[in-house]
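K.L.:
In case it helps, TrEMBL gives these features for our protein:
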- 241-253: compositional bias 'Polar residues' (COMPBIAS)
- 256-267: compositional bias 'Basic and acidic residues' (COMPBIAS)
- 268-278: compositional bias 'Polar residues' (COMPBIAS)
- 25-479: domain 'Major facilitator superfamily (MFS) profile' (DOMAIN)
- 241-281: region 'Disordered' (REGION)
- 488-529: region 'Disordered' (REGION)
- 24-43: transmembrane segment (TRANSMEM)
- 63-81: transmembrane segment (TRANSMEM)
- 93-112: transmembrane segment (TRANSMEM)
- 118-139: transmembrane segment (TRANSMEM)
- 151-174: transmembrane segment (TRANSMEM)
- 180-201: transmembrane segment (TRANSMEM)
- 297-319: transmembrane segment (TRANSMEM)
- 331-350: transmembrane segment (TRANSMEM)
- 362-379: transmembrane segment (TRANSMEM)
- 385-411: transmembrane segment (TRANSMEM)
- 423-443: transmembrane segment (TRANSMEM)
- 455-474: transmembrane segment (TRANSMEM)
Amino acid sequence: MTVKAVKMPCTSANVYTKVPDGGWGWTVAFAFFVVEALTYGIIKSFGVFFNDLMDSFDETNSRISWIISICVFVQTFTAPLSTVLSNRFGHRLVVMAGGLLVSAGMVIASFARSVVHMYVTIGIVSGLGYCLSFLPTVTILSQYFDKRRSLVTAVASTGECFAVFSFAPAITALKEQIGWRYSMLSVGVLQLGITVCGSLLRPIVIREQEEVKAQPPEESTETKYMLENEQTCTSIESIDSGVDITTSPSNVPGKTKAEPKSEEPKQHGQNPVDNSSTPPAPKTKLLDFSVMRDYSFICYAFFGLFATLGFFAPSLYIIPLSRSLGIGKDHSAYILSAMAIAEVFGRIFAGWILNKKPIRKIYIELICVILLSVALVAFPFASGFWGLMICSVYFGFMLGTVAGTHIPLLAEDDVVGIERMSSAAGVYVFIQSLAGLAGPPLAGVLVDTTKNYSSAFYSCAAGMVLGAVFLALVRPCKTGLCHHHQQQQQQQQQVEESTAGPPPELPDDFIDMDIGKAENSGKGSDSVV
């Protein structure tokens, strides 16, 4: 079947007969690229302000880390709210509102006089805006693609990497000219582009074409009547005996012509069924928590919970770690940029691999998570500029393979499937919020306690290893435990059917027997009288 799109106004939904794997989806992919750059790209580039905030507010590492921690926590904790608002008002309005909140929080933060003000502006206001901007965009992008979903999502998510590559050196150079406050103000104004991207997110409706089957020509009523009488040998005696053998409405004395069947619903007070009309679409739940009963989703949610510990802290502490090793500001920014470029190749590579058929995507994800854990352990052993550069490139590549695919992987049948992805993504990111809140401050406390930035990377590696354990249980829970439970139910049904025995067989001439009994009873009553 060919893909057909119905031309509608720009503010209306795109209606297709099947998932287009393109079309307006390419525009949505570009919008997602820019949204990624202005959301996660800014969050990961926030490390360039780290030392400036410590000097301006005279605060410790852990207290400054709470800015990003609160931001990530609010972004992930309010994910169910983003799902509910998207299902109620549409993805376009939600993303546009999120862009306004992101920009307002960052602009107001540039005038902050204490770290507490940063907690409110960037942590709460911008954090809520990040949630309303990112999650609806990646959800609607998954709906526009099917066969090429993994590759397109991975390539579009590289906007985050290009943002880190370009923003880190640019903001560093901008701070030297106008200071960190005006640099943060410029970033906030730039984030208004999220609102423009939100206006491009046209909703999609999949409406399958109905195949019209040719109906055989109807026979005349008199012909049907004659055939029925020949087949059943209908007579007046059979009518008098009380046994109605034929199902024809003409089997009534005094009628020589059967009534058309199309008039039967009207006689019973029913409306005729119009087969040409499409059935009404089922009402979409604002938030479906039934995914919490799926064991495979629960394991996948725990994977996201622990893996999040290793997502943000390395990019946040890579510059302080390089400074502690005696590397200058410019070279530290280059290390962060190299990590971002490697992440671009990692995302594209993961999308290309996962797009291959046939392949079990959940196992590829597990291998990437294990290799990412090795990358986190390697950071404390790096020494000098080139040692840290090699570790950063390796970590960035492996981070790209995981970060660009862990949310779109919810649409696969091994987890929940495309039908329940919208609600599953909200619940999944909500569970991630706990790790997003605890990850960077935990790393900051370890750094302040041990006076060594290596401890932050060890904590991230421990969380990633736990995430790999739960990710390894997703596929067994989907096919092993659930399949075993279904087999037990089928075996129980077979046992019940075997104990009940076969149903009693009726004789072929049971109608004749009933007619004979009726005639004998009639004769007996006449003799009594």
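Cβ coordinates are placed from backbone N, Cα and C, and glycine is handled just like the others.
Quick caveat, the model's predicted, so the values are computed rather than measured.
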K.L.:
Out of 24-43, 63-81, 93-112, 297-319, 455-474, which stretch has the largest tally of CB pairs under 8 angstroms to the transmembrane segment (151-174)?
P.N.:
24-43
K.L.:
Could you tell me whether the transmembrane segment (63-81) and the transmembrane segment (331-350) are in contact, taking contact to mean 3+ Cβ pairs under 8 Å with a sequence separation of 6 or more?
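P.N.:
In this chain the transmembrane segment (331-350) does not contact the transmembrane segment (63-81) - fewer than 3 Cβ pairs sit under 8 Å.
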K.L.:
Can at least 3 Cβ pairs under 8 A be found between the transmembrane segment (385-411) and the transmembrane segment (24-43), with each pair 6 or more apart in sequence?
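P.N.:
Contact absent: fewer than 3 Cβ pairs fall under 8 Å.
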K.L.:
Do you know the mean pLDDT across the domain 'Major facilitator superfamily (MFS) profile' (25-479)?
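P.N.:
Reported value for the domain 'Major facilitator superfamily (MFS) profile' (25-479) is a mean pLDDT of 77.
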K.L.:
Given pairs 6 or more apart, does the transmembrane segment (63-81) have at least three Cβ pairs under 8 Å with the transmembrane segment (297-319)?
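P.N.:
Contact criterion met.
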K.L.:
For the transmembrane segment (24-43), I need the partner stretch with the highest count of C-beta pairs below 8 angstroms, choosing only from 118-139, 362-379, 455-474.
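P.N.:
Answer is 118-139, with the largest number of Cβ pairs below 8 Å.
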K.L.:
Taking 118-139, 297-319, 362-379, 455-474 as candidates, which has the most Cβ pairs under 8 Å with the transmembrane segment (423-443)?
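P.N.:
The listed stretch sharing the most Cβ pairs with the transmembrane segment (423-443) is 297-319.
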K.L.:
Within the same chain, where does the transmembrane segment (297-319) have neighbours whose Cβ lies under 8 angstroms from its own Cβ atoms, ignoring anything closer than 6 residues to its ends? I mean 6 or more beyond.
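P.N.:
Counting only partners 6 or more residues beyond its ends, the transmembrane segment (297-319) has Cβ contacts under 8 Å with 43-44, 46-48, 50-51, 65, 68, 72, 76, 164, 291, 332-333, 335-336, 339, 369, 372-373, 376, 379, 388, 392, 395, 399, 402-403, 406, 409-410, 415-416, 424, 427-429, 431-432, 434-436, 438-440, 442-443, 447, 453, 456-457, 459-464, 466-468, 470-471, 473-474, 477.
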K.L.:
Which residues of the chain, 6 or more past the ends of the transmembrane segment (118-139), have a CB below 8 A from one of its CBs?
P.N.:
28, 31-32, 35-36, 38-40, 43, 53, 66-76, 78-79, 81-83, 85-86, 91, 94-95, 97-106, 108-109, 112, 153, 157, 194, 197-198, 201, 407-408, 421-422, 425-426, 429
